[in-house]
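Everything below concerns the one structure shown next.
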Amino acid sequence: MQAPPPEHCPGVESENAGKGSACSGCPNQGVCSDPNKKLEDPGKALVVESMKDVKHKLLILSGKGGVGKSTVTSLLTRYLARSNPDSNFGVLDIDICGPSQPRLMGALGESVHQSGYGWSPVGIEDNVCLMSIGFLLGSVDDAIIWRGPKKNGMIRQFLSEVDWGNLDLLLLDTPPGTSDEHLSVVSYLKDDTNPESLRAVMVTTPQEVSLLDVRKEINFCKKQNIPIVGVIENMSSFRCGHCGNTSEIFPAKTGGAVAMCAEMGIPLLGSLPLDQQISKACDSGEDLTTFKNVTSEALEGICSKIMASIS
């Protein structure tokens, strides 16, 4: 019989399974350390129970830092919620060391409350809620210096101990790369009986230095059997507010996201411009989707494709 996992369990998928400091004294240690005896992470059953009313999960991935994953996550959430008022949306910030969503969603200074059903996520709109480790810190300047097992334990708590309620879509803002956080969240959320319930959206900028890492992220999803909804090319162009001319800040010398999507057989969802209004809205936590501009027009097409893919 499996025992409940210790607080900082590295997870059975981790190379530290059965070997970490948290494993000492755990009744499951012998099972986890033996590749021939490994059982399903006992924490997964708790996650499955907690997430049973969350219909769809969408990983926002990139591979490269600085391409705007967090910004795109907040923009998608805001636009989806505004254009689908009868649906409920959640955001989970699993960028443990660099949580950005509290600022982007205008929720700095908010706190998480405990109820009989677990942590209550912070309400952003009537149909949007948010959970981030940023709400658990004493100061926005506090550094989180954690190794993989502790990060994995935090992610497991977010998935199993937060009262998400009934959600039509949960968007997960992820850190760059294919790190412990990615392996952990995929192992908990992937449902072999319903593989379409967990999907991914890739975010890239046009230049090859970003596309190189996004290709790796696409291959990660293929190896993990995670369906990819498509790719969003962020900061694709810049339109001058004075003269109206459009220029490429990050030239697509190898064809940009268009060429990569054709090469790898992945849909291109659309392109978002480098927009000064986005920058201002990110710092202030303002909802940019209330403005009618080139960004909101691009979001309309992107969000329509996302909703169609999960319908």
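Placed from the backbone N, Cα and C atoms, the Cβ positions cover glycine too.
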May I ask you to find which of C32, C97 Swiss-Prot records for the [4Fe-4S] cluster 1 site already listed with C9, C23, C26? C32
Counting every protein chain present, what is the number of Cβ atoms, excluding its own, within 10 Å of the Cβ of G68 (ATP binding site)? 22
Between C23 ([4Fe-4S] cluster 1 binding site) and K69 (ATP binding site), how far is it from one CA atom to the other, in Å? 34
Given the recorded ATP site (G63, K64, G65, G66, V67, G68, K69, S70), which additional residues of the same chain have their Cβ within 8 Å of the Cβ centre, ordered by sequence? S62, P176, V203, T205, S210
Among the binding-site residues V67, C240, whose Cβ has the fewest other Cβ atoms within 10 Å? C240
Any idea what DSSP makes of C240 ([4Fe-4S] cluster 2 binding site), helix, strand or coil? coil
